[in-house]
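Input: a single structure, listed below in structure tokens.
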Amino acid sequence: MFLQRTASAIARRSPARAFTLAQRPFSSSIVRMNEKKWAVNDERKVISFDEIKSEDDLLPPGAKPGTVPTDFVQATGLERLELIGKMQGIDIFDMRPLDASRKGTIDNPIIVNGAGDEQYAGCTGFPADSHQVNWLTVSRERPLERCNECGNVVKLNYIGPEEDPHSHDHDHGHHHPTPRGAQDLRRLRQARVLVPVNSWHCKKPHLIQL
């Protein structure tokens, strides 16, 4: 009984102390976060446009630990190729507008560069902006196309590989070719198939049944 009263009296007379955890200084926290086990072992150097030989060269170096990544250190593939080209003053995708100083003809068409099987070109007429944009489709099978609004002629200049391994067609021949003359139209009419009608015949491409 006496011990209980003595302990309670001491507790009332002594000030209460707050319970605190062991604190670690901020400098040691930085050291612990920068340990070697968290470091990136794959260090890729930034190469120039001339040194790019394969898709592996378009992998980014990655941002350093503790830093905010930029587009250049995390961009991959075609985006990285475009950024590297811009740093050296090279327009990878040739984003310049088409030649609008003249009107293209069959003998002297406006050249449109393209690396795919199809390329879209917007025509605003001659002089420029004389009508709304008409989108013309040129392809490797049909490189010439004429604007039905002003008669401007564009031609595809294919600059891609001769054989594209990533092509979705794979030479299966599932699509119907565009009719090129009266014989093709007569043959397709007998087969009663749907054929695409492009800008040679109408403003908006659509399907018709022959």
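Placement of Cβ uses the backbone N, Cα and C atoms for every residue, glycine included.
What TrEMBL records for Cys123, His131, Cys147, Cys150 is Zn(2+) binding site. The annotation compositional bias 'Basic and acidic residues' is assigned in TrEMBL to 163-172. Positions annotated as region 'Disordered' by TrEMBL: 159-182.
For the binding-site residues Cys123, Cys147, Cys150, the ranking by surrounding Cβ atoms (within 10 Å, all protein chains) places Cys123 first. Taking a C-beta cut-off of under 8 angstroms and a sequence separation of 6 or more, His131 (Zn(2+) binding site) has the following same-chain neighbours: Thr124, Gly125, Glu149, Cys150.
The secondary structure of Cys147 (Zn(2+) binding site), as reduced to three states from DSSP, is coil rather than helix or strand.
For the recorded site, His131 (Zn(2+) binding site), the DSSP three-state label reads coil.
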